[in-house]
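Engineer: I am attaching a structure below and will ask some questions about it afterwards.
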Amino acid sequence: IANNRFCVISRGKIVKMVTYEITVEHSTESESCTLPHVDLKLVGEKGMTKSAPLSENDNYKELVSKCTIDCDDPIGKLLRIEIKKRPLYVVENNWFLKNIKVKDPNGETYYFPIYTWITDCKKHSFNEGQALIAKKELSPSGRFNRHKKLSQLKETYCWQVFEKGIPHHIQAMLPSHLPRNDQFIEVKQDEYILLYFKIVVWKKLKESTKCYDTWPDFEQISELMDYSKYDILGYVKDNWKDDAFFGYQFLNGINPMLIQRCTSLPDNFPVTEHMICHYCNLPQEIEKGNIYLCNYQILDGVATRDIKGKKQYLMAPLVLLHKTAEDKLMPIAIQQLQQKPGADNPIFLPSDSEHDWLLAKIFVRSAEFNFHQLNCHLLRTHLLSEVFAVSLMRNLPMVHPLYKLLIPHSRYTLHINTMARLILISETGAFTQVAASGGEGMIQILRKSLSSMTYRSLCIPDDIEDRGMKDIPNFFYRDDGLKLWDILHRFVEGILKHYYKTDDDVQNDRELEDWIWDIFEHGFLCPKLSGIPLDFKNVNDLAKFVTMVIFTSSVQHAAVNSGQFDYGGWMPNLPSTLRRPPPSTKGEATEATILETLPDKSITLAAMTTLYLLSRRYSDFVPFGTYPEHHFTEEQPLKLMEKFKEELKELSKVIKERNIKLDVPYKYLDPEEIENSVSI
């Protein structure tokens, strides 16, 4: 016999065999290795092959391993591949399997996108790469396999309640308790831990030479670091007292989500024409659409924690702003003490003393820190993205097109959120220790924020319209965000319409129904008045919701996360807490009382280092629209992905050209600066 791969002797006759050529791509990361102990089996429409071992030529050191499987007859169109690791001397080794390509006897190639850690010696089955929704035509065995896998995943990805009235999260006390697929890779873990300890050491060294007292002057705060090394942070330090920059931050700072056009003054904000007649004609400017309002009502009545035995203060201010003829957004009135007006709750004006007006703005900026961190950042990006990710893993199989579309945007989200619950928002966490709202107040703010959240507020076109922010100039978050939404929506719609040919396909997809119900029940906690959908009637509604999910987990997170150190690295611009109550009468503020109100030295340092840690870019950063893992295999989705990348590239070029002309560049929604998922 010349070649026993292709022929055998059967009853005296030479019978030609068929051969399947298998190429396995896997990770060379230090934690990932296969060793020569993997068996593979192919399953087709007409049968299955026998198991065959993966090649043993040091495949744990190479990027690609190959083997062949022979059988008497072709097994038809390939449906799935079965993989089983054999233990190595009773030790189970971890293996990150990227993908498998199989060339059948007719020369046709099948692709199996896997991108999964295999950490045990159980049998694992993976479907051929074509994306499929669970239509009624799916074979009984196919439906059974999908249902069995999803049942197993629901046992792995369990919901847990953090606090009543707050989105649920995955059941895991530590990152190591998460499924291996959801943990940082070793390089990311090491880099994060190294940076964390560098910051801790730096903080301890600073604390050893600085006491916990009040800052004696602003000059000493500037000695904490070389602010000139940071372009935006340096600008913030030099301009934080300026009224125009104060107004600018409501548009393009870390929280562009609160400001809205004022069509009539709230009853609890009794600003009179006489108060601000030096700045504008209030009725006329309201009529023209030039008056804007920021209302921190959610913070009203929130409990504050004691820090080092001292009471802290957090107010719920109202801020009135005027768009001038020069297109500057200028603050013209601040009610800083509480929502209820009264003689002891004065409305501060730019015409008041320099220190009265500056202190009023500082109370607004401290409210901004707490509102932004808990509502705009933690709730609206981190917690919602975790809900989207857990529901994805529990309800959609890997072969589902929505799984393939969403899985890149859930990368590391469960790990970073588990860490946040452990070291940021726990009783001893960094945020809890430095923020006025840490502890009970944090829970109150999250509950109020979730109960008032609407579906429209999560969709930037609707949100901009509802807030009356369509026409105000120099609103770069709006300009870039709307363009990104449109580009993303076209991409999502194209992908979904490739698989959902009719609205009936959407309505009949039980897995899709389970996915949205899990989100509705465990994320938004069933608020029927919020507009959050319970199901989908057509492809267009599905495309909008999926666009919102991806936008939240990537674009929106970049908008509210990436600039934290830029705007908060200079503490007076974004104090995490305040140590004195706001004055109940005018004329009391001095530079000394302002410094006594601001956080002390230790809290300043702790807040700065936390913001630095939270807004760094790490080496494994994956830019928005970049897909290192190839989950889609069909021609049309691949074309749509390329078009998506090209449109993002063009937008990035436009944003960079605009930013060159700006004193403060708005770079947070440059596609090259947006990460694909909430991973920091």
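Glycine is treated like the rest: Cβ placed from N, Cα and C.
According to TrEMBL, the feature Fe cation binding site maps to His377, His382, His557, Ile680. Sequence annotations record features per position, and here TrEMBL assigns domain 'PLAT' to 18-132. According to TrEMBL, the feature domain 'Lipoxygenase' maps to 131-680. According to TrEMBL, the site 'Essential for stabilizing binding to COTL1' annotation covers Trp117.
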Engineer: Neighbours of the Fe cation site His377, His382, His557, Ile680: Cβ within 8 Å of the Cβ centroid, same chain, sequence order.
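Structural biologist: Residues close to the Fe cation site, other than His377, His382, His557, Ile680: Leu378, Thr381, Ser385, Ile416, Val560, Asn561, Leu614, Val678.
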Engineer: Sequence gap of 6 or more, Cβ distance under 8 Å: name the residues on the same chain that satisfy this around His377 (Fe cation binding site), in order along the sequence.
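Structural biologist: Result: Ile254, Val560, Asn561.
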Engineer: How does the domain 'PLAT' (18-132) divide up by DSSP, counting helix, then strand, then coil residues?
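Structural biologist: So the domain 'PLAT' (18-132) is made up of 0 helix, 62 strand, 53 coil.
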Engineer: Counting Cβ atoms within 10 Å of each candidate's own Cβ, which of the recorded positions Trp117, His382 comes out highest?
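Structural biologist: Checking each of Trp117, His382, the winner is His382.
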Engineer: What does the structure give for the C-alpha distance between Ile680 (Fe cation binding site) and Trp117 (site 'Essential for stabilizing binding to COTL1')? Integer Å is fine.
Structural biologist: 22
Engineer: Ten-angstrom check, please: count other Cβ atoms within 10 Å of the Cβ of Ile680 (Fe cation binding site), all chains counted.
Structural biologist: 19
Engineer: Could you give the Cα-Cα distance between His557 (Fe cation binding site) and Trp117 (site 'Essential for stabilizing binding to COTL1'), in whole Å?
Structural biologist: 27
Engineer: Trp117 (site 'Essential for stabilizing binding to COTL1') to His382 (Fe cation binding site): how many Å between their Cα atoms?
Structural biologist: 24
